[in-house]
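Over in TrEMBL, the protein carries these features:
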| type | residues | note |
| --- | --- | --- |
| DOMAIN | 224-358 | domain 'O-antigen ligase-related' |
| TRANSMEM | 7-35 | transmembrane segment |
| TRANSMEM | 41-63 | transmembrane segment |
| TRANSMEM | 187-210 | transmembrane segment |
| TRANSMEM | 222-252 | transmembrane segment |
| TRANSMEM | 259-278 | transmembrane segment |
| TRANSMEM | 350-371 | transmembrane segment |
| TRANSMEM | 383-406 | transmembrane segment |
| TRANSMEM | 412-431 | transmembrane segment |
Amino acid sequence: MTAITMIIAALGSGLVILAQPIWGLIIYITLLAWYPSYLKVSLSGIDFSVGRIIILAVFLRILMHSELLSRFRLNTADKLIIVYFAAQTVAGMFTESEFNAFIVNRGGAAFDMALPYFAFRIVVCSAQDYRKLFKGILFTLGPLAMIGLYQSFTGVNPFGFMQKFASTGRLPDYTPLPRHGFYRANLTFGVSIMSGLFFAMLGTAAIGLIPAKDSPARRWWLIGLICMAAGVFSSISSGSWLVGMVAVMFVFFYPYRKYWRGALFAIVMLLLSVEIYSNRNFYDVLGSFTLNPRSAWYRAQLIEVALFKGGMEDHWLAGYGHEDPGWSKQIDNRDHTDMVNHYLMVLSRYGLLGLIPFMALLYFVLKYLYLAFQMARNFAGKFMVWGLTGAILGTMATFFSCSLFSQPSTAFYVLLALGASMPTIVARSEFARRRAFFEEHKRMLAMTQDTGASKVPAQQTV
């Protein structure tokens, strides 16, 4: 499969270089989803997947388009991405016994997270680009999502045979995983929950772009979103469903947004009432309503052990590195700690050195989204921002039940990049809208003057 991986990467890179930058990003996302990231080729000690190779082609295309770089300006979120990766390196100096291997590992992570983040930050800078991006995503990923639905009903994964060629640690041969009368689809993602998360994150962000009026375009958007929803469902995973539910609930709350304080107060009081009535932590109670209550119980215990039962004792500053923190011994005595909480994964690996800039990054992206929402002057602009905010909040909520890796990790940093760019996107959209208004006003005024002049009778000569 190494030769096939190189051929696909070469063809994809060629298309990216020949296409406009925004289409290069669409090609990148398409191949990221359709070709397994566990199939890699080793170059200079770093394992390169198709996505890691194509992102280099994307940056080469950006360099060829000098206007994009000249108008790009670093903001606080961009700087925090750099600080976050630098903090990981500093933490690793204290915790990693094989520091060189750790640096190579972080180099690979930069290809999956930091480089895609900056590529989307630089290229997507207008509402037209933003809409074109998600049109391409729905068009190219919709068929893959429907294949996931097919796998969910039949247990047949057309990509399953590729798992035995995995480059980093042989994956087990594909075996159908039944749950509640369906099969858990994993497609090219290796793990079912990662498949569902990928469709959930990108699909819910596209909700904010649905045209308000009934039209063929609106119907095509709805078809694309239904396909993405099928991809989310096919994972049969509470984590990916949670992203969708939170995002959709957030979208439906849009007409009632001025009551957000009351809604937040009601949620807090509800959770407090659950704690008092049940005499248990509210997340323990809510876990009993998930698809797998036993798994939800483990997630709740993971939080308690890490934060309240000495799990981070003597490791708060720099974490444990990539070593197992041993928390499972206090939970169910399994042979490893299944780190199904993204916040705790960051804390466990890099300590507060990593967690603080990561949380600051999330805060500033949400701050930029709030600023963009205030800047937007029409429904389309505000709803576009609202939809992306719902996708990011839904992902942040599901971080309590899973940790990201592979393609969904890249998708999340793409969403963060779009959130950090949203004030620029909205500002340029508003400028273009006002310019179009004034141009139309000038045209109408000129037509009125011409009409008035034609009605004035010509002066008679004496």
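In case you wondered, yes, glycine gets a Cβ from its N, Cα and C as well.
In this chain, the transmembrane segment (187-210) lies in contact with the transmembrane segment (7-35); the count of Cβ pairs under 8 Å, excluding pairs fewer than 6 apart in sequence, is at least 3.
The DSSP breakdown of the domain 'O-antigen ligase-related' (224-358), given as helix, strand and coil counts, is 94 helix, 0 strand, 41 coil. Sequence-remote contacts of a segment are chain residues at least 6 beyond its ends whose Cβ falls under 8 Å from one of its Cβ atoms, and for the transmembrane segment (187-210) they are 29, 33-38, 130-131, 134, 137-138, 141, 144-145, 147-148, 151, 157, 159, 162-163, 166, 171, 177, 218, 221-222, 224-225, 228-229, 231-237, 239-241, 243-244, 247-248, 251, 383-388, 390-392, 394-395, 398, 402, 404-408, 411-412, 414-415, 418. Among residues of the same chain six or more beyond the transmembrane segment (412-431), those with a C-beta under 8 A of the stretch's C-beta atoms are 29, 75, 77-78, 112-114, 116-121, 124-127, 129-130, 201-202, 205, 361-362, 364-366, 368-369, 371-372, 375-377, 381, 384-385, 388-389, 391-392, 395, 404.
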